[in-house]
Amino acid sequence: MMAATVVSRIRTGTGRAPVMWLSLSLVAVAAAVATEQQVPLVLWSGDRNLWAPVADTHEGHITSDMQLSTYLDPALELGPRNVLLFLQDKLSIEDYTAYGGVFGNKQDSAFSNLENALDLAPSSLVLPAVDWYAISTLTTYLQEKLGASPLHVDLATLKELKLNASLPALLLIRLPYTASSGLMAPREVLTGNDEVIGQVLSTLKSEDVPYTAALTAVRPSRVARDITMVAGGLGRQLLQTQVASPAIHPPVSYNDTAPRILFWAQNFSVAYKDEWKDLTSLTFGVENLNLTGSFWNDSFAMLSLTYEPLFGATVTFKFILASRFYPVSARYWFAMERLEIHSNGSVAHFNVSQVTGPSIYSFHCEYVSSVSKKGNLLVTNVPSVWQMTLHNFQIQAFNVTGEQFSYASDCAGFFSPGIWMGLLTTLFMLFIFTYGLHMILSLKTMDRFDDHKGPTITLTQIV
């Protein structure tokens, strides 16, 4: 995945002489501010072997203007003479990570057209962090190398242009929606820009015009990480070890004539008599996984996973799901009726009725577990020697298309504990405000006063 190549870092500096502490602190602050002025640059072309594989660099390597020129020169000298520069107002490498679509939800990616272009391009290059000065002079650099002035185009004018493969052309395409991005969600902004990229590339493909394309931005959309403790944390950051990201494994797929059932979890652990075993590596990415007993039709599905030996015996886990039509909602809904664990002739039943959703969707939950501290979605009517925990569980048994999950119906409720705390606090403060306003409005002034020119007011005591 393109976002997997992304790294970021903090430039640091240290000093030895106490008298230079202030100057070095200012340099460190300036370096931290400079890390905010980095944007990613994505390049791809229709010609082959324009860029050699980039050597692995240390975390946070920033591509300078000189280094960028060494990457661009081969493409401009040997590649197509038509260059497209997609220039976005704001973009950071974290946007690719956050909105690029994680495994299982690739159809939700905000960069589907860009990812498709990179997959099909014979040559491509991703630079996660490019210095802002290099980007600010990129248009001028391309103009000098191509000998052509930049032409600002949109979709309408692009269709009217007649590009020639032998004549150089620099097309500058400012991606829309960025001016109003403050009123739109980031995903909507990036998705809209990606659609424009797809339309431009489709237009050039229909005209059979060779090109080299670049996507970058004027400034970053996010602040670089770990810059809050600049003065005190620089030396520590140099010594910190990088935390390895968890490996992403493919889902379990049951097929007859086509993929029918998909099952995935970040961690799959089972306990027998309080002895826990991790089955993740034995389940996902295993070619010879035993799925004997699995079954599927339009209204009923069963995924059967058999392990031997496990806890000294053959153990089979059966996920049983059903799909039914409900006239009230006028659609099909699926539910996991039960989870069965077969071992040594005995069967342990777990009720999983909360695993449900529309049949056209998959189901996702952070924890599906028999442990009370992790939601206790697996419920058994009688005490059992078996326990199970599925972390980041996702399953789909109906309307499966290919090897990818559909949109996930999540088990998380809309009202989280934080939302409830906020609502109750707001209601309590509103009650205090209303009560105080009511007390103020209830104040009454005197309507009779003593006149010193007339008879005094006397109060007669009644005995």
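Each residue, glycine too, has its Cβ placed from N, Cα and C.
Predicted, not measured: the structure shown is a model, and the values here were computed from it.
Annotation comment: TrEMBL describes 1-32 as signal peptide.
The domain 'V-type proton ATPase subunit S1 luminal' annotation in TrEMBL covers 259-398. As a whole-number mean, the pLDDT of the domain 'V-type proton ATPase subunit S1 luminal' (259-398) in this prediction is 90.
For 413-451, the entry in TrEMBL reads domain 'V-type proton ATPase subunit S1/VOA1 transmembrane'.
If you look at the transmembrane segment (419-443), there are no same-chain residues 6 or more away from its ends with a CB under 8 A from one of its CBs. As annotated by TrEMBL, transmembrane segment applies to 419-443.
Across the domain 'V-type proton ATPase subunit S1 luminal' (259-398), DSSP helix (H, G, I), strand (E, B) and coil residues number 7 helix, 86 strand, 47 coil.
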